[in-house]
Structure formats: structure tokens, C-alpha cells
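Trainee: Following this message is one structure expressed as C-alpha cells.
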Amino acid sequence: MSRIKIPEDEDHPDIPDGVHFKNSLKEFQKLVEKIVAQKREERQGLYTKDGEEMDYDKFCAAVQELFGPEVKPQDVKTFYRKISNNPDGRTEWCELFGYFIVEGDALAAQLDEENMVFLVSKKQRITKAGVKRRDVIKCMVKISQLDFLVTASQKGTLTIFTSQMRVMTTTSIPDSPWINGCDYLYQLKRVVAVTERTIIVWDYKSQGSILDTCFIIKPMEHCLLCICSVYHPTELLVKDDILMGDDGGHVNLFTLTSDDFGLKQTKSKKKAQIQVLDSKKFRHVKRKLHDDWVVKVKYIPALNCFVSCSLDSVHSLVLDDLKRLEDNLPVRDFSVPRGVNAFTYCAKANIIVTGGEDKVLRLWHPNINTKPVGKLMGHLFSIMEIVTNEKDQHIISLSTGKIFRVWDIHTLSLMQIFHDTQAGPRDAQIFTMVFDNNHGILITGSAVIDIYPLTRMIQDTKQVPQTHERNINVLLYNKPFHQVLTICAESIVRIWELESGQLIYQIEDAHGPGVELTCAAIDKNGFHLATGACDGTVKTWDFGSGQQLKALPVSKESSDNEHWLIQMTYLKASESRHVILVLEHSGTIKIVQSNEGEPNLCITWSLPEALSLALQGNPLMPLRLSPITRKANGFFPDVQLLPEKDPVEADMENPLPPEAKVKCFDVLRVEGYNLLATASANGAIIMWDFESAIARHIFKAGQAVETDGSDVLGINMLLFLYRSALSVRQLSQSSTYSSEPQSDETPTQDTEGDSSNLSIKREGVKNEPSIAANTPAVSQELTKLPDSPNLENKGLLNVLEAGVEQKHIPVLASAHEDGCIYLWTIKGDLLREILPFTKHPPIPLTALCTDISAKMLFAANKENKRVTIKQSSLVKTSSVVHEAGEGAEGHVIRWNIGSFLEDPLDTNKNVKQQLCWRAHSTKIVNLFYDEERGLVVTASTDASVRLWHGLSGHYIGYFGQRRLFELSESTDIILPCDVNDLPFTIKDDSKYMEKKQKFEYPLVLDREKWKLLTRSALALKKPGVLEVEQDFKFFKALASPKIHKYPLESFKSGNKDIGIVFGSIPIYRVPQPTNLLGLPGLGW
């Protein structure tokens, strides 16, 4: 074992305050030895907790006290986890600063192609690059503001490429000398190029031949070798300044205005050649700055300076203001042996990088010209081009041997080496190179154009995201440690870092070979993990090390899928006690727990089945709560239903229909609430209120979904929404993150050592059975809810009479198969009905999540099957068929529910949809939201777990990719390869956010008259003209028409898009019917 070694020699002169640093290392060594000893005793079961226990928080605070804030918490967490998992492993103090020991073949990992910066195997070549035979591209300029590329060939061909590298326009200058450089004039909107003695200005937007769109400025005193334009974004005058370098060592400043190119010959006069302008008529300033050829010149807007380089060893690089060209004041120059061939500027690092014949890259600070701040060596040939990747802070250098080298600016380390292997004899030399920061590609020019994409761009846009080999079953979030847990259908458990996406560890065959894991839960402190499998087994784990703690063995009496676990949540987790609430496939909810000294987990409590009693006329069922006889769990007592009506004897062979089984649940235990909500596949919700000792049957009347021949209004997930300024919101989210609902210090009942009945508040329960027995109509009204919110019903008044403040009323959200979200009170009153807008028909919702403060609500959907929604009314029953098309699945929708939860009973408080984006091409299994970083993580059956920006819906990456996550918001919108739709937002004034209007229909269809227009009736007898006109009255009055005492409201006076006639016609809004009934025969 190798531990931290502290050198005993004298302090190194390059380390500032070396004595203090050495003392800190010694203290750190003692700290590590203490933790290692503690972890060893914990593994052997010999450690007893005391006040000197060193946990992660104490360790992190001690490390930051020793080394200061320079130590990143992520590195400290990784170091602590490494010791916890393997106390006998090798650690070094440098790992605290991000320099970790690499195990295995580091060279093989470095040479892995997918770890490279550029993916050379995905190189694209454009052979028809707008050049003539035996011609080469001499210069390329990327215009980021317009997102196109300007190229100039040696024999006079100018070409503009779009962002997709397609030729937008091109021209060829006849009888021109060799072109040495080109650029773009931002004010005049023209392309400028230089030859040996002339300046060419090309108006690429004008129509006509080359004789009409080009101007030539000549003569020039010296041979021009390079050119660049001076970018003035705030310049109001229509003029451009250009800088040119020549073979005499001069830097020329040329001013071009719109008046210089405004006078053209009339079209009637035939031109014989390109119009030539005299160079003496232009404003021209030059100054000799070098003793050799000026090979490159650029203008840097960030520094407001120009930069020129030469092969001169004394004045190799000149960096100064443009005013220095007009006077004789000294300039700031840099000396490099054998001169400078190329240079680049990195704005973020404020560094100028130079390279030349001496094969060395030098990094200079713009204000220090005496000595470079760094050197990069490794090229074997002369350096001819240098470009910068600003986003990744990389330098790409090219030598005359066509060898590319990628360097990291901050660490001065070599990232990648590659060379052009497809070059033929004609492509022997690369003359120019640019990096496109907008699209992340490196472009080189020779006889062809080669495009080298960044590896991360290919991984994001080309490669199919894949986190596991099989479908994702479980997605959980360990909030205290910012880690993500995923489980696939192959029962492989993987733990990931949220910030970086790195894999921490994985567990294979957690419940044995061939046993599929179906659910899991993490306790609120993040130290323990519970997993459930298809055979009904439950296991608890140490989350940090992945070691198994206890297990619930397989039941001997279980049959196939009887004890299949589909959901679980942690109620309590400690070193001595675990309490887990689980839901089986049979619909039974149980508590699995273990106490100190017990080797295995055991089942200690189960919830009775209540839906069948509710369907037999018991919407309100009082509960008899008694102490647990087997083993106290500290959360729920033994429950016995007290129905008002005697239950009908059930068939033992089919005790409960499959669609009536419990499908999901959620728990809320805060501020006097002890609630357990369960939902079934038939749309029924049972609200178990253990404080009031009553169970309520909640369902949405008047609507059902027909799937596979049975009427089912399926509920896929329940979620309590609760906001309070006095307490922390604690939710049980079975698939996002599971937390302990209530601390042990304030239990709602005392179950240990007391066999008497519990003292539970029953004030609001005494009258409810009598209401159910004597006034069944009232009880039916309380449970069978109307289609639209009715804030005057008695259920909401009961909430107010109970003395509960409106802003602290819990709200239950249910996600349904019909694509809607219903918001309920705990009394069973429907508050809101939310239908997501996704540009597609309603799609079944699969997952819900919120942030801690419950200001935002997120939902996800799955692929849609053929769903028939039956809408019943007093007059007629009709059906509407919804079938989603391609691209209708895998959406994430975000709503703003902050104002609504402040007062859910206020009808003016709306739930506003803000954002929607498509995240996957298949069903989304689950999602969660991290409010600290504003990130959304989604898991799908396509075996991928993806990361998104929660506020914009922009794609970041997927867990399992080679590169680390870049959490900073980027202006570039990158989409996965299987997603083509961009995120769209809905503004407050959007037409989709308008309130639904209520309609009143005083008419009913007269079917006898409607038959006269059917095909069968018309085939028998062809009616006359008068008969048809008289028979067009298909409706008869159901009520007398109402005369409006006030005119209809006009909400739009005109629309310019419609036209001058129809655009001036006012549009009136009329009441909207609650049920739009289709006409028979038309398939409505």
C-alpha cells in the first residue's frame, strides 16, 4: 500500500510559502490515516460512533481549512469516496487538486479515438471546392456574424459557402494574377481580395456578370501578400478600413467608402473589361514596421489593435493601435528567432500564440513583449498556421509536414496529434486553416477542402445516445451527493456524477443471475439504497460503497408475478433501522423493515384493499386505527375499514378485476398531514387520511378511455404538490428521489409499548358516515366530481372550515393515460384539468416531478396507442379517436405552478405552460429536476439517460458518453441524432394560453331530416332543388333562444395577414359548448 509521502528535503524555491504547504500536507496525512482506520473498523463491525466520527462534511471542511478554497469539492468528494470504497488502496495528496492516479494502460486510453478532440475518421472532403484545374485554395475566412465561409483560390476564383458547406455564390476573376488573401467588408457588404499589385472588390449580392459586380484598384507600389478588414461594429458611416502587408515590410491602411463604388457605367454601354479604379484616389496610409515580408496581418477588436508578423528576427511581431500607422511613435514589437509565420489570439485567456521556422509555439501576454509566458514544443517541421478553439480553450497548430497538434491553453499539454493521410500528389501542401466556433469544425484548404469535426459534436449529433445495453427501468437522484442512479432491464446498477457524467461504479446481478430489478429508492440523506425485483425480493445497500446490507428473501408461497415490485419509497433509513414502503404488482402495499440485530428484512404491515368497497357505494370509509401487533414501524398503524354498506361476497377465483389494482402511490407527511394516495388502472384514487381516520374515493366522472375493449382511465403517477414557508416540503417520489416523510422525533402516533387505542383526531369524521347514509346524493356529489372546477361545492368549504390556510393546502396531481393532469384537493375536489400542448394529439403521461419549492411542474409522456375518449352528456354520447403520429412521443413539458399553489382555491390563479421539447424518440420512464443547476435528467426505454437545461430545453449530453458534461449555457442548439424538433416556448399572450370559452347549445339534431341527406337516402330518390333547400334545417329548438342584452365582445378589429377585405371584418367570440357533439355519418 502506498500512502501520502511528504518529502523531507528543503522547500522548493518555486513553491510559494513552502513551509506552510508542507505543514498542511502533514496534517492532511494524519487526517487520512484517521479516516482509513475508521473505515477499516466499520468494515469489521468494530467501530462505535462517537462525537469524533469523521464523515464527509467534516472531512471536506477540514481539507478546505488546510488548503484553502482552491480545492474543489468535487475532487474532495472523489478522494473521500475512494478511501471509503477501498481503505487499503493507493492515494496521493495531488488527487485533491484533480491529478488522479490512472490505473491501467493510460497510453491506450489516450490513443482511443473517441477520447480525441477531433474525430479524424469522420473527416469530410469537398472535392468541388470552387477551384479550377491545377488550382489550390490560398485563403479562407470564416464570417461568424453571417455564418458563411469565403474562399479564394490562387488562380482567381472567389467562392462563398453556406453553413452547410454548400456553394452559395462564386465568381472567377479573368486574367488576374495569383490571389494572396481575402476578407469580408462588413459595412460595404462586399468581398475583398488582393493580388500582387491589385485590390479586387466583389459585390457578391448584385446580379450580372463579373464585369458588373467587380472592381479592381491599382496600381500598388509593393507586392501585396496578405489582407484583413478592420471590424467596427459601432461605426455608422458606410466605409471600411482594410490592412495589407507587402514584401517591403510595410503595413498599409486603405479606406473604402460606398461613394467609391457608386458610379457605374450604364447598361446600354457594353463593357469590355472590369472597371478599374485609381488607387491614388483612396485614402492610403502605410508604415514600414518590419525588415522582411509581412506574411500575415490581422485586426483584433478585443484589443483594438492590429497584429502583423514577419520573417524578421528582430521585429517578428508588431502589436499596436491603428494610430501608430499614421505617426512615427515607437510600436510594441516581439522578437522571435527566425521570425513568425503565423499567430492567433485567444480572447478568454488573453494570450497571443506565435509559431514559425524554429518549430516552437510561444505564448505571449499582449502587454509583455520581453519574454513569453509559455512555450509548446513538439513540431518537427516549420509551423505555418495556428487557430484557436475559444469554447474549449484549445490551440490547433499545423506544420508544413501536414501534422496537426492540439494543445490545451491552460495546462500547456498536448491533447491530440493527427495528420492528413488522404492527400494525393496534387494535394501536397495545405495553404490555409480556419476553425469554425459556431459549428465546432476545423476546415483546411488545399486543392480540396477538408473538414475535421470535434468528437463531442459527432457524439452529440451523430452517435445514438446509449447509457445501458437494455431498456432503463429505474432513474433516481441522490440529491445530497448530486449523483444519479440508473438500472436497466439486465439488472445492472450504475452510479453517475451529475456534474461531469462520469461513471462511479456499477453492480451486476444485484439480486442474482436472471432476476430483473424493477424499482428502487434512496433515503433522504443519500447514504442507503433499496432495490426491488420481479420475484418480490428487497435488498438494502450502502450507497457510497455499493455493499449489500440486508435482504428480504423470496417468498415460498409466491406465484408468477404475484409479488412483482413496481414501486417503493424509503420511510426511514439509519444504521439500525430501515423502513420501506413497497407496492406489488398484485396491488398490495406493504412495509418492509428491519431493526437492529435482525439479519434480514421482513414484512410488518400491509394496507387493506378499499376500491371494491368504494365501488359498492362506500365513497367515504371511516378507518379503525389500532397499534401494530407484529412490529411497530413508526409511520402507519394497523388499518381496518368500516364501510357503511356490507360488502358483497367476492368471487375467490377473481377477487378483483385487473384494471382495479393499485398502480402507483404517493406519501405526504408534513404539518399535521399523514396522507397516502393510491391510484388504480381504472382511474380511481383512494385518499388515505390517517389524521382524520378516513379513506376517500376520488374519480373523474363523465369520461373514460377505451383501450383494448375495456373502459379504462389509467393513472400512471401520483404526486403531492405542497408549499409552505414554515416547513420544508418533503415528498415521496418513487421514481425521482425518495425522501423520509417525517422525522422520528415528531411521530404522529406512539406505537411502541402501548396496546391501547390511539388518540387520533376524529372531529371531522363523526358526521361523515351519517351524511353517507342519510343523504346519498350529497355524498355522491362529493366524490363524483364535475368536469369543470366548481369552487362553491361543499368539499372546498370543508377545507376552509377546518381552519387550514389556503396557501398551505396540499394538492394531489395525477398523470393520466388520456394525456391530462388533474389537480385535486385532499377532500377530492377537482381544481384544474391541464392538457399539455405538444403539437400532437393527447399522449399518455408517464412521469411527474417538481422542484423543492414547487414552482415548476415537469411531465413526460410516452408513445401513443389508439385511444378512444368517450364523452357523455345529457343529450348524446359521442367518441373521439386520437392517434398520435410520428414524433409524438418522448416530450418533456414544463408548467409554472408557483402562483397557483399560493392559493389553489382562487380561480384567477392559473397553471401556465412555459416550455415543451422532445427529449427521446420512445417512452420516457422517468425524469427529475435539479434546481441548483437548473438541469433536467430524463430516462427512456431507448436505453439512454440524457441531460437537459431545464429553463431552455437545450441538450447537454447523455450519461455514458466519453467527454465530460459542459453545464454552461451555450448559444448553439445541439440535438441528439434521434430528435429533430427544437424546443418551443409558449408566451403568456399566446393563443394556446387563452381561457376556454363556455358554449350553450339550445339545439338538438333532428335525425329524421338528417337522413334525407345521407347517401342511402339520396340513392333512392334524387330530391329537387326546392326540396333540398327546405330540408337543410337539421336542428330543432331545445330551448328558446336567448337574446343578449349587450353586444358581443369584439376582441380583434383586423388582421393584416388575412387581407384588406377579410382583415377588416371584426371577429366576435361566442360562448363555447362543454361538449362538441359530432354529426353522425361524418366520422366526427
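Quick reminder: no glycine exception, Cβ is built from N, Cα and C everywhere.
Quick paste of what TrEMBL says about this protein:
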| type | residues | note |
| --- | --- | --- |
| REPEAT | 376-417 | repeat 'WD' |
| REPEAT | 465-506 | repeat 'WD' |
| REPEAT | 510-551 | repeat 'WD' |
| REGION | 733-777 | region 'Disordered' |
| COMPBIAS | 744-759 | compositional bias 'Polar residues' |
| REPEAT | 917-948 | repeat 'WD' |
Trainee: Checking distant contacts: for the repeat 'WD' (376-417), what same-chain residues at least six beyond its ends satisfy Cβ-Cβ under 8 A?
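Mentor: Distant contacts of the repeat 'WD' (376-417): 116-118, 341-349, 351, 353-357, 359-363, 423, 429-430, 432-435, 437, 440, 442, 444, 452, 454, 970.
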Trainee: Work out, from DSSP, the number of helix, strand and coil residues along the repeat 'WD' (510-551).
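Mentor: Taking each residue of the repeat 'WD' (510-551) in turn, the totals are 0 helix, 21 strand, 21 coil.
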Trainee: Of the residues in the repeat 'WD' (917-948), how many are helix, strand and coil by DSSP?
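Mentor: The breakdown for the repeat 'WD' (917-948) reads 0 helix, 19 strand, 13 coil.
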Trainee: How many of the residues that make up the repeat 'WD' (376-417) does DSSP mark as helix, as strand and as coil?
Mentor: 0 helix, 25 strand, 17 coil
Trainee: Per DSSP, how many helix, strand and coil residues does the repeat 'WD' (465-506) have?
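Mentor: Once the DSSP states are binned, the repeat 'WD' (465-506) shows 0 helix, 23 strand, 19 coil.
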